[in-house]
Every structure is written in C-alpha cells, then in structure tokens.
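Structure first, commentary second.
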Amino acid sequence: MDNRSNAVGSADKATMSGNIDRVAYRQDGSYQSLTNLRDSPPHDVINLRAGSSNSISRSCGETPEHFWSFKALEEREAKEDKRSVVPVMARMGNIASGQSRRVSRNTHPYNYLNRASSTEHLGGSYDSGLVGDLRGTDERTPLLRPRSSSDDSVSRSRTSDYPLDVNSPEDLRRSSKIKETMKTLNLWPLEKKRAFSLLKICLLFGVTIMACIMMLIAEEHENVLHFTILNSYSSELLLEAHCIKSESLLRSTFRGSFFPETKRGENFTQTLIFLNDENVMNLTIDPDAIETRDIVTLHADFTCHHGKDYNITATSEAKIPFEWSISALPPEVKQEVVFAFLILAFVYVLIIFEFVHRALAAMLGALTALAVLSFLHQRPSMDVIISWIDMETLTLLFGMMIIVSIFAETGFFDYSALQAYKLAKGQVWPLITLLCVFSAIVSAFLDNVTTILLMTPVTIRLCEVLNLDPKRILIAEVLFSNIGGTATAIGDPPNVIIVGALSSKGIGFSTFTMHMFPGIVIVCFIGYGVLRLYYRDMNNLQNKDPPEIAEIKHEVVMWRRAAGRMNVITREETIMKALFLQKSVEMEHNLNKIIHKQRKNERRSFYSTIKKLEHEYRIKDIPLLVKCGAVLFVVIVLLFTYSFVDSIHADIGWIAVLGAIWLLVLADIHDFEGILHKVEWATLLFFAGLFILMEALAELGLMQTIGDAIADVISQADEDNRLLVALLLILWVSALASSFIDNIPYTTAMVPILEQLADKPELKLDLLPMVVALAMGACLGGNGTLIGASCNVVCAGIADQHGYGFSFKEFFKIGFPMMLVTTVGATAYVLICHCAFHWNSI
C-alpha cells in the first residue's frame with residue numbers, strides 16, 4: 001500500500017515539477033516508459049482515447065477501466081538534457097473544448113476466452129486522485145486512476161525545448177520512428193478526423209462571418225405603404241427618381257379592391273400603371289370587393305435604364321383608393337429563387353450528415369437566408385423577424401413540456417407502460433399495434449404535437465420494460481400520429497390553416513372532416529401493412545444485450561451526460577462532476593463483471609414478469625397525480641373545443657401556458673430550475689430557427705415559385721383531364737415539398753393559389769377536391785423526413801433527452817417509404833371520389 005502511494009506521489013511530483021516524461025500506468029500497478037512502449041506496443045490494445053491535455057488513455061476492452069494512461073509531465077528546464085526526444089503522440093487539447101475521440105485499432109470484439117490478455121491488469125480499486133484538471137475533463141474520461149503497487153519500473157525520458165533538426169541524421173531517424181509509432185498505434189485516422197473537423201469549423205465559421213458582414217453593412221428595409229385615391233380618368237405621380245446600376249430593378253406592391261388577375265372587357269374598369277410612358281401593369285377593379293372591403297395584394301417587377309431618370313404614374317377609369325410601395329433593388333434579385341434552393345440544400349447537408357446539431361443547422365440556415373436578403377437590399381427589421389416565429393407553436397411546446405415533466409414525477413408513465421404490457425400480454429407486435437392505433441386516434445381529435453409529448457415518455461418506459469429498442473417504436477408511433485392528425489381539421493397545423501382561410505367559402509370543420517376521414521382510415525390500413533412488412537423480423541426490435549446489461553449501459557450514458565451538462569464554476573460543482581463521473585466508472589466496472597461471467601438472463605414467464613413489474617412500477621404520488629390529471633383534462637378539453645367555441649378567446653399556446661401555470665401552483669413546485677432543466681430548449685431553438693428560415697425563403701420567392709409552377713401546369717392541361725392533372729400535381733408536389741420544407745408556410749402560400757384557380761370560370765375547377773389533395777399531401781408528406789413535421793422533431797428531442805435519440809438517416813429509412821406508399825393510397829382515394837364519382841359538393 002505504501003509503495004503504491006509513494007509511486008503515485010512521485011509521479012505527481014514529477015507533474016508539478018514540470019519534467020517531461022511519458023509514464024505508462026498499467027492496471028496491475030506497474031509502470032512502463034512510453035519509450036519502451038513505442039518500441040513494443042502491447043498486443044491487447046484495442047482503442048486509443050483522448051484524455052485531457054496531459055493524459056492519453058488507451059482502452060483495452062469494452063469498458064474504460066481497462067486502460068493504459070500515458071501521463072504527459074511537461075518540463076520547461078531548457079538546455080538541460082538533449083539525449084532523447086519523445087514524440088508527442090497526440091496533442092489532444094483540453095477536453096473542455098471538445099468531445100473525447102476514439103480510434104479503433106482492432107475491430108475484434110472482446111475475447112471472453114483470452115481473459116489473460118485482456119484482464120490480467122485489472123488490479124483492484126480506484127484511487128481518488130484525479131487525472132488532469134477536473135474542470136477540463138470530459139465526461140467520457142475516467143477520473144480515477146488505478147492504485148499502483150511500486151515505482152521501480154518507472155523510466156523517464158526527457159525532451160528538449162529545441163525543435164527537431166530535420167538535417168540531423170539522428171533527428172531523421174527519430175522522425176521516422178515517430179511515424180512508425182503513430183502508425184503502430186493507429187493515430188493517423190485520428191489526425192484525419194481532427195483535420196476534417198478543423199476544415200468543417202473553418203468553412204462554417206467563414207460562412208457565418210460573411211453572413212454577419214452582409215447584415216452589418218446593409219440597412220434595414222421597411223416596406224412602407226403609401227395611400228392614394230385616384231379619381232376617374234385622372235393621373236397621379238407615384239414616384240420619380242434616378243436609376244442606378246445597383247438598383248435597376250423596381251419591385252412594386254399594390255393593395256386594393258382588385259381582381260387577383262387582369263380581366264379584359266367592356267364590363268371591367270382598369271387602373272393603369274406607367275413607367276415613364278410605357279404601360280407596365282393593369283389592375284382590374286372589383287366592384288363587389290369595394291362593397292365588402294376585400295383587399296387583394298398584387299406584386300410586379302419593372303426594370304429601369306441605369307443612368308436615366310424615371311417616373312411611375314397611375315391612371316384609373318373609376319375612382320379607387322389603394323395602397324402602394326415601390327422599392328429599388330439590385331438586378332441579382334432575379335436569381336433569388338436560386339439562392340433560396342441553395343440555402344435549403346446547405347441546411348439539409350448539415351442535418352443529414354450531422355455535421356452540427358440540427359438546432360444549430362436551422363440557426364445557420366436562417367442567418368444565411370437573412371444575409372442573402374440583406375445582399376438584395378431587403379434586410380428585414382428585428383420586429384419583422386420576431387413576427388416570423390410561430391409563437392403559438394413554441395408556447396404550446398413550452399407549456400406542455402412543463403406539464404409532462406411534472407406529470408412524470410407521479411410514476412404515471414411507468415404505470416401506463418405496465419398496463420400496456422398487460423394488455424399486449426408481453427407480445428411485441430400487438431404492443432406496437434396498440435401504440436400506433438392509440439396515437440392515430442388521439443391525434444385526430446387533439447393536436448399531434450401534444451399527443452407525442454404525452455405518449456413518448458410512456459413508450460420509452462414500456463420499451464425499457466420489454467428490453468426493446470425505443471427508436472423504431474417511437475418512429476412508428478410518430479408516423480401514425482401524422483397520419484391520424486390528417487383526418488380532422490384540428491389534428492394537424494396545415495388543416496387548421498386551410499379551414500381558417502376557407503371557412504367563408506363553405507369549407508368548415510364538418511365538411512372538411514367528412515371528406516378527409518374515410519380516406520385517412522384507408523391510408524391507416526395501408527400504412528399498417530407497410531409497417532408490418534418493415535418490422536417483420538421482431539428480433540431487430542429487441543436489444544442485443546440482456547436487460548440488465550442494456551440498462552447499465554444506458555445509465556452510464558445518462559451519468560456521463562449529466563456530468564457533461566454541469567457548469568463547473570464552484571468547488572462543490574467540481575466535486576459533484578467528479579462524483580458523477582466516478583459513478584459512471586463504477587457502473588462500467590460492474591458491467592464488465594457481468595460480461596466476463598457471461599451471465600444470460602433466462603426468459604421469465606409472463607406472469608412472473610408481471611408480478612415483478614407491479615412491485616417496481618406503481619404510482620408514487622397519488623395527490624400529485626390527481627392534480628396533474630385534473631389540469632391535463634381541462635387543457636385537453638380546451639384544446640379540442642377552442643376552434644369551434646366562439647366564447648374561448650385564446651389559442652393553443654395560451655391554453656398550454658395557462659395549464660402549466662395552474663399545475664405549478666397546485667403542485668407547489670419549489671425546484672423551479674429542475675423543471676426548466678427538463679424543457680427541451682434545443683427543440684424550441686430548432687423551431688425558432690426553422691420558422692425564420694422558412695419565412696426568409698418565402699420572402700425570396702420559393703413558395704410562390706412552386707405555387708405558380710403548379711398553377712401554370714394546371715392551366716395548360718387539357719380540359720377533359722384538367723381535374724385529374726390538378727389533383728395529381730397538387731397532392732404529389734405538396735407531399736414531396738412538405739417532406740423537405742415546413743408544411744406550414746407551404747400551405748399558407750398554396751391556399752390563395754387554389755382560390756385563384758377555382759375563381760377562374762374557364763378552368764372549371766372546384767375548390768373542394770383541390771383542398772383535399774393539398775391537405776393530404778401536406779400532412780402525409782410530413783412523414784418523409786425528420787424535419788417534415790413538428791411532432792417528428794418533438795419526438796426526436798424527447799427521445800434524445802432520455803438517451804434514445806434517432807438521427808435524420810434513421811428516420812428517413814422508415815419515414816420516406818411510408819410517405820410514398822401512403823401518398824399512393826391517398827391518391828387512389830382522391831381520384832376515385834372526386835374524378836370517378838365527382839364528390840365535389842360542399
């Protein structure tokens with residue numbers, strides 16, 4: 001015991017004195033110099049892991065406690081000893097600035113039969129000495145080093161402060177030996193990964209700096225509307241200016257009682273817009289709109305000749321009041337849609353390949369889009385940017401997250417998981433069926449975001465009980481939540497937008513639901529068949545490890561994550577972080593014991609499992625459960641009735657926040673910071689960035705371009721097949737577009753385009769079938785990608801908080817085929833009902 005203490009003490013003294021030594025601490029308590037190890041590296045080393053700036057740990061098994069620790073003891077005694085130069089094998093940098101990195105040297109799994117080679121240096125308990133500075137230690141780095149038994153084998157090798165002389169033969173030999181050592185230890189892949197990470201950081205930082213510069217040098221653009229009243233056959237000067245090359249494109253906006261498009265004939269009166277003496281725009285006055293005070297907004301672009309003066313005048317055949325604005329923009333505005341597609345592709349590359357967190361990807365995309373608007377002299381003000389954020393969705397998520405976090409303290413989710421286990425009698429596929437059906441039904445009558453917020457914790461706990469991988473179960477659940485929410489006018493945000501905008505046209509809650517519900521029932525059966533085919537092998541849903549091992553592994557991850565999230569400021573917080581990491585190391589040690597003994601848990605009978613689970617998973621706090629149940633019941637009732645009860649003057653965001661405040665008061669919560677810690681702030685930031693990004697892309701004309709292209713193709717179709725072409729085009733373009741862009745701004749842009757198509761008598765298109773096609777395409781298309789629908793992102797965020805997060809690729813492999821097949825089923829339903837049987841009446 002004394003020898004070990006002296007050995008460790010001597011090594012620590014070397015650290016304090018600054019001697020440059022690389023000392024290999026073995027788990028059996030002995031030491032070996034890095035110089036000797038360089039000449040003959042151990043054969044049983046599997047992984048190399050970066051520690052702090054003065055330590056490198058080499059893991060020799062599946063758990064971190066099988067490691068070699070190369071402690072870098074730096075010395076600044078210049079000009080003292082030049083006998084040998086020990087290569088700096090990997091200057092990892094302080095762990096506080098980055099995640100620990102692992103490089104595989106041997107892809108073979110842990111060898112249970114050759115325990116002598118892999119466990120001979122497991123030499124007892126851990127000492128409380130810390131490896132490196134605790135404030136700069138990553139959560140994955142073991143804090144405790146093994147106690148050493150002697151220091152007889154410690155050999156020192158010093159390094160000089162002078163750099164290597166490449167012209168010296170001795171230094172050349174040392175340099176080649178360094179390279180051989182790094183290849184032997186397989187450090188080259190690590191260096192490549194670090195180089196790629198550095199390149200990524202440089203590129204993203206360069207894009208960020210360029211975007212910030214564009215925004216800083218551009219002035220805020222305010223689209224000020226001027227009011228003018230034109231008398232009959234009178235002319236009014238609207239604008240007179242000088243045209244310069246950098247602002248040769250004039251973008252005009254007119255708001256008044258006009259028809260959406262120009263109509264010719266003796267029965268129509270016109271308002272004419274002139275650029276100098278050239279007629280550039282005709283606005284047809286709508287007499288009915290004047291009486292009802294309906295306002296239409298129209299846009300047009302003109303081009304002036306640089307270096308010359310220009311004036312814009314208006315002449316009307318009848319008295320008409322209207323608002324107008326004209327902005328001088330650079331000619332690059334004509335390519336704004338190209339910029340929009342490039343920005344969208346940039347964001348998807350970041351998310352698909354997981355270069356950064358999806359919240360940061362959305363923020364970078366929003367910043368880039370705002371920079372492009374600034375470059376095009378259209379930089380919006382901060383008030384406009386804030387107005388782009390859908391606060392209704394964010395407040396709904398925030399309020400429901402607080403309610404769910406308090407609700408979880410009652411043990412209700414564990415109890416619900418046990419009841420579902422009983423109902424399914426321990427069978428996996430009946431359980432998946434139960435969860436999918438329940439999520440689809442509830443999402444039809446409640447917002448699907450709220451449904452996922454309530455069901456995700458229950459599903460995760462249930463999967464832990466059955467030793468299932470929660471990722472695939474959660475993906476199946478969220479897919480059916482999107483499908484079920486399509487059935488009614490309140491189940492999905494696009495449906496709410498459609499009914500709210502077209503209720504004056506006769507498309508209300510009952511009419512919309514009557515046309516959507518039968519088709520969604522058919523789509524649910526089709527989706528269920530696809531899911532059964534995809535999950536035909538139930539073994540793929542099971543965790544590969546026994547329940548005890550899977551639970552320990554998950555707990556280790558959560559302990560490390562808890563340590564990583566701690567703000568190390570005070571001494572007490574430093575100690576707590578050390579204890580968290582020590583707990584993870586102890587659990588990994590226990591896990592190693594279980595693996596070594598190769599204990600296989602026998603499959604218990606269903607009834608014995610039920611008896612054990614009933615003892616473990618029960619209601620913990622009945623009074624709190626009653627309070628939570630009462631508040632949640634009131635919130636759900638209000639969320640269901642607010643859309644068609646006129647006396648409720650609050651949206652879903654207000655209802656959720658009010659419910660959270662009620663529950664905080666009733667539950668007498670004192671640890672308010674603990675409740676806020678459970679809120680998925682990353683998800684909220686992602687939605688905020690996504691809303692700004694999509695609105696900025698809409699300002700660049702992306703949504704309008706898609707809608708205009710659809711309208712042009714429909715208008716040019718043959719009259720006999722025009723309805724067929726319209727339904728196919730609207731449904732499939734909406735499905736594909738909603739998979740890659742948010743369906744809320746897309747639906748908002750498409751509704752007025754559908755109204756314009758229905759108002760054209762020469763096209764002979766009914767509004768209802770096009771609305772049904774739009775709703776089915778926009779809602780079902782949300783299943784295509786992870787960011788296609790709001791509840792997808794919410795589910796991924798909650799799952800990640802529990803340690804079961806799934807990536808964009810994992811969702812895409814299941815969601816995109818499901819989207820394609822269900823869209824085919826919806827297409828068949830729409831064509832049969834509206835083309836074959838002409839069920840087009842409102």
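Glycine residues also receive a Cβ, built from the backbone N, Cα and C atoms like all the rest.
The annotation compositional bias 'Basic and acidic residues' is assigned in TrEMBL to 136-159.
Per TrEMBL, the feature region 'Disordered' maps to 136-170.
If you look at the transmembrane segment (198-218), the same-chain residues 6 or more away from its ends with a CB under 8 A from one of its CBs are 355-356, 364, 367-368, 370-372, 374-375, 377, 379. Positions annotated as transmembrane segment by TrEMBL: 198-218 (among others).
Residues or ranges marked as transmembrane segment by TrEMBL: 337-353 (among others).
TrEMBL lists 348-777 with the feature domain 'Citrate transporter-like'.
Nonlocal intrachain contacts for the transmembrane segment (360-376), taken as residues 6+ away from its ends with a CB within less than 8 angstroms of a stretch CB, comprise 204, 207-208, 210-212, 214-215, 217-218, 221, 329-330, 332-333, 336, 339-340, 343-344, 346-347, 350-351, 385, 685-686, 688-690, 692-693, 696-697, 699-700. According to TrEMBL, the transmembrane segment annotation covers 360-376 (among others).
Taken from TrEMBL, the feature transmembrane segment applies to 396-416 (among others).
What TrEMBL lists as transmembrane segment is 428-446 (among others). Counting only same-chain residues 6+ beyond the ends of the transmembrane segment (428-446), those with a CB under 8 A from a CB of the stretch are 420-421, 452, 455, 459, 462, 466, 468, 473, 476-485, 487-488, 490-492, 517, 520, 524, 528, 531-532, 535, 538, 541-542, 636, 639-640.
Annotation source TrEMBL lists transmembrane segment at 512-535 (among others).
Residues annotated as transmembrane segment in TrEMBL: 624-645 (among others). Non-local neighbours of the transmembrane segment (624-645) in the same chain are 403, 406-407, 409-412, 445-447, 450, 489-490, 496, 509, 651-652, 655-656, 659, 662-663, 666-667; each lies 6+ residues outside the stretch with a CB under 8 Å from one of its CB atoms.
The feature transmembrane segment is assigned by TrEMBL to 651-669 (among others).
Sequence annotations record features per position, and here TrEMBL assigns transmembrane segment to 681-703 (among others). Beyond the ends of the transmembrane segment (681-703), by six or more residues, the same chain brings 336-337, 339-341, 343-344, 347, 357-359, 362-363, 365-366, 369-370, 372-373, 378, 380, 385, 388-390, 393-394, 397-398, 741-742, 744-746, 748-750, 787, 790, 793-794, 797 to within a C-beta distance below 8 angstroms of the stretch.
Long-range contacts of the transmembrane segment (723-746) within the same chain: residues 344, 348, 390, 493-494, 497, 690-691, 694-695, 697-698, 702-703, 706, 710, 713-714, 717, 754, 757, 765-766, 769-770, 773-774, 776-785, 787-789, 816, 819, 823, 826-827, 830-831, 834-835, each at least 6 residues beyond the stretch ends and with a Cβ under 8 Å from a Cβ of the stretch. Marked as transmembrane segment by TrEMBL: 723-746 (among others).
For 767-799 (among others), the entry in TrEMBL reads transmembrane segment.
Long-range contacts of the transmembrane segment (811-837) within its own chain (CB-CB distance under 8 A, at least 6 residues past either end) are made by residues 352, 472, 475-476, 479, 483, 515, 518-519, 522-523, 526-527, 530-531, 534, 723-724, 727-728, 731-732, 735, 739, 768-769, 772-773, 776-777, 780-781, 783-786, 788, 792, 796. According to TrEMBL, the transmembrane segment annotation covers 811-837 (among others).
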Maximum Cβ pairs under 8 Å to the transmembrane segment (396-416) - stretch from the list 337-353, 512-535, 651-669: 651-669
Within the predicted model, mean pLDDT of the domain 'Citrate transporter-like' (348-777): 84
Close approaches to the transmembrane segment (651-669) from elsewhere in its chain (Cβ under 8 angstroms; 6 or more beyond its ends): 391-400, 402-403, 406, 447, 450, 624, 627-628, 631-632, 634-635, 638-639, 642, 675
